[in-house]
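*Asks:* Shown below is the structure under consideration.
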Amino acid sequence: MGTGADKKDFYDVRTVDGYNLPLITAPQRVFGVCNATGCVSDLNTGCPKELQVVDGDNGGVGVVRCRSACETFGLDQYCYSGEFANPTTCRPSYCSIIFKTTCLRAYSYAFDDGTNTFTCKAFDYTIIFCPSLASRNIHLQPFF
């Protein structure tokens, strides 16, 4: 989160560096119209095998985190570096497409600014980890 010259906050929820649990970020006491954002789906259940981090205490059966392709493979095209450090050559990877398909309002790759960075004049923000169905309905309607 950051603040611009016009005193608006810039905020997003990112899956660029991986994913481990659902969350919602919702502006509170706002001036004007502001959007909540987040990812309320459990990406761990659909995480590609090569990105999975499993729970060692559970015999390795439970996925506890879905790593990014950058962390897993360390290649420029997944880390958005080198020749891929600009919006012309940097395209979403298959991993970021999986994240984007499941979490439409989450920032899924390095240049995903157009649809997933939000601005708002707000006094406060509520961040809800592992939101209940009721919390999702209150904070995300009609946005998701």
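Every residue, even glycine, has its Cβ placed from backbone N, Cα and C.
Look at TrEMBL and you will find CYS34-CYS120, CYS39-CYS103, CYS47-CYS66, CYS70-CYS79 tagged as disulfide bond.
A description of the local structural setting of each listed feature is requested, covering burial, neighbours and distances.
*Replies:* Within 10 Å of the C-beta of CYS120 (disulfide bond) we count 18 further C-beta atoms, all protein chains included.
DSSP assigns CYS103 (disulfide bond) to coil in the three-state reduction, outside any helix or strand.
There are 21 other CB atoms within 10 A of the CB of CYS47 (disulfide bond), with all protein chains counted.
Long-range neighbours of CYS79 (disulfide bond) (same chain, six or more residues apart, CB within less than 8 Å of its CB): CYS70.
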*Asks:* Quick one: what's DSSP say for CYS70 (disulfide bond), helix, strand or coil?
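*Replies:* DSSP assigns CYS70 (disulfide bond) to helix.
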*Asks:* Using DSSP reduced to three states, classify CYS79 (disulfide bond) as helix, strand or coil.
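*Replies:* In the DSSP reduction, CYS79 (disulfide bond) maps to helix.
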*Asks:* Between the disulfide-bonded residues CYS34, CYS66, where is the Cβ count within 10 Å the lowest?
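*Replies:* It is CYS34 that, of the disulfide-bonded residues CYS34, CYS66, has the fewest other Cβ atoms within 10 Å.
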*Asks:* C-alpha of CYS34 (disulfide bond) to C-alpha of CYS103 (disulfide bond): distance in Å?
*Replies:* 18
